[in-house]
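Annotation source TrEMBL lists domain 'Major facilitator superfamily (MFS) profile' at 19-424. Here TrEMBL flags 17-37, 57-77, 84-101, 107-128, 149-168, 180-204, 240-259, 279-299, 311-327, 333-351, 372-388, 400-419 as transmembrane segment.
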Amino acid sequence: GGVGDAAAEVQLSRLRWAVLLLFSSYSLCNAFQWIQYSSVNNVFVRFYGVSTFAIDWLSMSYMLLYIPLLFPVAWLLDKRGLRLIALAGSALNAMGAWVKLGSLKPHLFPVTVLGQVICSVAQVFILGMPSRIASVWFGSHEVSTACSIAVFGNQLGIAAGFLVPPVLIPNVEDVEKLAYHISIMFFMTAGVASALFILVIIVFKEKPPNPPSRAQASIQSQPTAEYSYMQSILRLLRNINFLLLMITYGLNVGCFYALSTLLNRMVIHHYPGEEVNAGRIGLTIILSGMVGALISGIWLDKTKTYKQTTLVVYIMSLVGMIVYTFTLSLGHLWVVFVTAGLLGFFMTGYLPLGFEFAAELTYPESEGTSSGLLNVSAQIFGIAFTIGQGQIMDRFGTKAGNLLLCSVLFLGTVMTAFIKADLRRQQANLENEQT
């Protein structure tokens with residue numbers, strides 16, 4: 001009765017949606033803290049008396065710290081499991097939020113840097129989790145949708161980071177008033193982050209009682225002694241299709257990071273005094289991207305057309321970037337809202353596609369490791385593009401800076417076309433069903 005026993009073992013847990021929602025929530029809070037300075041860049045520049053580049057670095061610290069810390073955290077995820085990583089991520093996120101409350105005077109910029117650095121470390125415990133949570137907790141027919149919802153929380157946090165700070169922190173001259181408005185934002189963030197940490201302690205479990213899919217049952221049945229983390233990374237780096245995906249994912253998401261960080265500067269340059277609308281344009285990019293991400297996840301679960309979907313979304317990201325570049329300076333804000341929405345739908349919608357395509361190409365390797373390598377690529381390109389585009393914008397204007405991103409997306413589109421759809425996870429599920 002071996003086959004019957006194996007079939008009986010596969011069962012979905014009701015708790016899976018609570019775990020997913022909780023992860024999405026603290027991921028949201030962390031992403032909010034990433035962009036909260038950049039969305040009102042000019043206000044923080046005046047409050048702390050520092051350069052725009054210094055405020056940009058508050059955003060880029062998230063990208064920079066991810067690169068060296070990914071490998072120890074991914075190793076920890078494989079050795080100690082999901083619960084420890086969830087506790088560490090939500091705890092550091094809350095701690096960083098409370099440290100920022102000590103930076104409400106213009107001379108205390110180093111304290112806000114420290115708070116942001118702690119939040120940056122928390123992000124390392126968050127970014128690589130979506131595909132791992134989806135695989136460990138969700139069935140084969142809903143795994144891509146679950147991954148999309150997990151990424152969804154992070155995107156919603158960035159959306160809130162664009163929308164809330166310009167509303168809470170008006171561009172006033174009085175430093176005392178400014179400090180009061182900033183304190184409201186910092187207090188709210190710290191309160192939410194602390195509540196989420198407590199919920200993680202209570203609700204978040206390591207894994208469901210039974211594996212949710214045959215592919216997951218097969219992984220869980222392997223002896224742990226057989227697994228070597230370094231060997232896993234070396235196998236991934238020898239997988240040509242995964243390497244191509246890693247570079248193309250980095251190019252696309254790196255462009256998104258640069259665009260998000262520099263959006264306030266771009267919009268204020270063409271539309272002076274429109275800080276609130278700059279935040280709303282950022283919100284439009286993210287919200288339309290969330291719709292794109294959710295549709296992508298549902299579409300993948302229905303069709304399993306990973307390569308074709310990824311390529312189409314990449315091409316449309318390039319088209320959206322070109323349209324945005326040439327309409328930004330027309331003088332009509334409503335046009336910027338429309339083009340930004342089009343760009344966001346595809347560019348942000350690409351995020352869960354990359355994670356899920358990587359999980360397919362690299363099965364049975366750990367999803368935490370493959371997602372982590374994708375994110376390292378994104379952070380490296382994100383820093384390079386943010387600095388490069390910022391310098392080009394200062395010297396040659398916003399159009400030249402955006403053309404850099406257009407050329408990068410074109411290169412990524414060409415490289416995506418060369419990825420072969422070697423869907424190993426699907427094959428494992430099919431073979432197990434047949435036996």
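Cβ coordinates come from backbone N, Cα and C, glycine included.
TrEMBL: automatically predicted annotations, no manual curation.
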Segment-segment contact (the transmembrane segment (311-327); the transmembrane segment (240-259)) at 3 or more Cβ pairs under 8 Å
yes
Between the stretches 84-101, 180-204, 240-259, which wins on the count of C-beta pairs under 8 angstroms to the transmembrane segment (17-37)?
180-204
Touch test for the transmembrane segment (57-77) and the transmembrane segment (372-388), at least 3 Cβ pairs under 8 Å:
yes
With pairs closer than 6 in sequence left out, are the transmembrane segment (240-259) and the transmembrane segment (333-351) joined by 3 or more CB pairs under 8 Å?
yes
Surrounding residues of the transmembrane segment (107-128) on its own chain - C-beta under 8 Å, 6+ positions past either end:
26-27, 30, 33-34, 37, 48-50, 54, 58, 61-62, 64-66, 69-70, 73-74, 77, 85-86, 88-93, 95-100, 154, 367-369, 371-372, 375
Below 8 Å between Cβ atoms, which of the listed ranges 84-101, 149-168, 400-419 makes the most pairs with the transmembrane segment (372-388)?
400-419
Near the transmembrane segment (149-168) in space but 6 or more residues beyond its ends, with Cβ under 8 Å, are 20, 23-37, 39-40, 126-127, 129-131, 133-134, 181, 184-185, 260, 263, 275-276, 278-283, 285-287, 289-290, 293-294, 297, 348, 351-352, 355
Could you tell me the mean pLDDT the prediction assigns to the domain 'Major facilitator superfamily (MFS) profile' (19-424)?
86
